[in-house]
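Asks: Pasting a structure here, questions to come.
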Amino acid sequence: MIMPVTPIWPEASAIDENGAITFHGRTAESLLDEFGSPLYLIDTDEVKHRAETFVHAAANAFDNTVTHVSFAGKAFLSKEICRIVTKAGMLIDTCSMGEMRIALAAGVPGRRLVLHGNNKSDEEIALAIEQGFAKIVIDEPNEPARIAEIARKLGKRAKVMLRVTSGIHAGGHEFISTAHEDQKFGVSLLPAGADTGKLDVLDDLTDVTPAGSNARLAENAAGNGGADGANSATGDGHAARELQYDIKYPYDLSHEKVSEGDRKLADAMTMVADGPALAVLKEIYRHQDVLELVGVHSHIGSNIHDADAFIQAAKRMMLLRKTFYATDAYTLPEVDLGGGYSVAYTDGEDSMDIDVELGRLSEAVSSINRALGMPAPVISFEPGRWIVAPAGVTLYRVGTVKPVQLSGDTTDKAGNPVTERVYVSVDGGMSDNIRPALYGADYAVKLANRAGSAETKLSRVVGMHCESGDIIVHECHLPADTKRGDVLAVPVTGAYGRTMASNYNQALIPAVVGVSEEGAHVMIRRQTIDDLLDWDVSE
């Protein structure tokens, strides 16, 4: 009888009558026999389904707003994946010449590509401009002038947006939390030493009087066509005049009808107006002959379980958008809220409910824009892990199995005392999955070629490399009869496995095999010893 595996496994995986794990009807062992070990599996049907699901969820949640969804190529990129996600309606985020070239080689047109990066080369920028990328995401204050210079030399106009460090950060590890100040990405929303408490007004804008202060703000800009008129004044989305009035005095604060909420909002906008992000937006705007400013971008972290932090970041981006309109009468068309949507790596872990959380985010975005008197922007998202991680499984052959006696004060995750742990070594390790060593990431594992015939024992799955931290699964329970030659399967490895793989100890990077209803096929071939020798060109 065929039995389903737990929810963290690809939907088309199952356990057959012999206790072996299958993928679209193929046993794990037969796949290793055909394609070699270790082996990355990607269920391409599941990638397609998840990509379509996210695109539809975004469109449904923001039913009155245009949405764009880009696949974060850093999670996993191949020509086949490029074709799958773009057919599902996605753009693709790239952040290196290699990622750009793979997407272009897959036939993805430049208008469906985005270039990110905190240290872009001139060659990468030039290729993005020549290919007409949907946007180049500016990451630092000197970049507008660089991109403008390259665009002028090419005689083309580039679409750009600014990555803003919102001060809202989330994610399970410091290395994947990307919106706090002390890190390499983006331009700060607020000036150094700013009183972030002034932004609390964003959590309660019911005190703001849209018919009062916001109406006066619109009237002040009306001399240049108002919000919509300003953007149509030049026919290209740019305002005819640069400055409307001093943001430090956006309202007549002496007016008797001015509420406390108005005053707090004025203080918050004044603070944002003094921040680095607004200064860089103005610098981009100064090059509008060759730079088309399409919006602002925020990325707060990774593997985030709910919309709470996204909502806070979105509010700050909308405040920046309002402040830029107030100072320059230019309405930024798009706000990109980045990626970071979580998946469950082990049974019992939470993953983000996309329908529910995008719905919450949509309500917050609509509410803040109504309160600020601003039209809704295009809202963009950048899922990567959520699309491909659950579609991936890594298969290994077991080598050494070594019981190790432990000291009396050792406990397992549940706090129970343990006296023995079985170290199960496999033919891969940190060279094909660095995340446990780098982030302390947890994974699940199953004996995949048969059913165990003995009770389970506390185990740790480790790799073959010369590092004590070369751990794939920190704590698990495998059958006591697990032995050399058995097959282990580790699920949820579709993201940041192959893309972060290395040749540590001159290990060969495994093949990536796509599995679907149509069968199994090689997506990316396995490295060979000849590859290693060919790269070494010394005499």
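For all residues, glycine too, the Cβ spot is worked out from N, Cα and C.
Just so you know, TrEMBL annotations never went through curation; they're auto-generated.
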Asks: Determine which of Gly340, Gly348, Gly428, Gly429 appears in TrEMBL for the same pyridoxal 5'-phosphate site as Glu382, Pro383, Gly384, Arg385, Tyr496.
Replies: Gly340
Asks: In TrEMBL, which of the ranges 217-236, 397-416 has the region 'Disordered' annotation?
Replies: 217-236
Asks: Using only the residues recorded as binding substrate (Arg385, Arg435, Tyr439, Glu467, Tyr496), report the maximum Cα-Cα distance in Å, whole number please.
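Replies: Of all Cα pairs among the recorded substrate binders, the widest measures 27 Å.
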Asks: Quick check: with Gly340, Glu382, Pro383, Gly384, Arg385, Tyr496 left out, which same-chain residues have Cβ atoms within 8 Å of the centroid of the pyridoxal 5'-phosphate site Cβ atoms?
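Replies: So the additional residues around the site are Ala72, Lys74, Ala75, Ser302, Gly339, Tyr341, Trp386, Ile387, Ala495.
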Asks: Who sits close to Glu467 (substrate binding site): which same-chain residues at least 6 apart have their Cβ under 8 Å from its Cβ?
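Replies: In sequence order, the residues whose Cβ lies under 8 Å from that of Glu467 (substrate binding site) (at least 6 apart) are Met430, Ala437.
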Asks: Neighbour count, 10 Å Cβ-Cβ cut-off, for Glu382 (pyridoxal 5'-phosphate binding site): what number do you get?
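Replies: Its Cβ has 27 other Cβ atoms within 10 Å.
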Asks: Find the average pLDDT over the domain 'Orn/DAP/Arg decarboxylase 2 N-terminal' (279-389) in the predicted model and report it.
Replies: 95
Asks: Consider the recorded positions Lys74, Arg435, Tyr439 and say which one has the Cα lying nearest the Cα of Pro383 (pyridoxal 5'-phosphate binding site).
Replies: Lys74
Asks: Say you check the Cα of Gly340 (pyridoxal 5'-phosphate binding site) against those of the recorded positions Lys74, Arg435, Tyr439; which is nearest?
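Replies: That would be Lys74, nearest by Cα distance.
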Asks: In the domain 'Orn/DAP/Arg decarboxylase 2 N-terminal' (279-389), how many residues does DSSP put in helix, strand and coil?
Replies: 53 helix, 16 strand, 42 coil
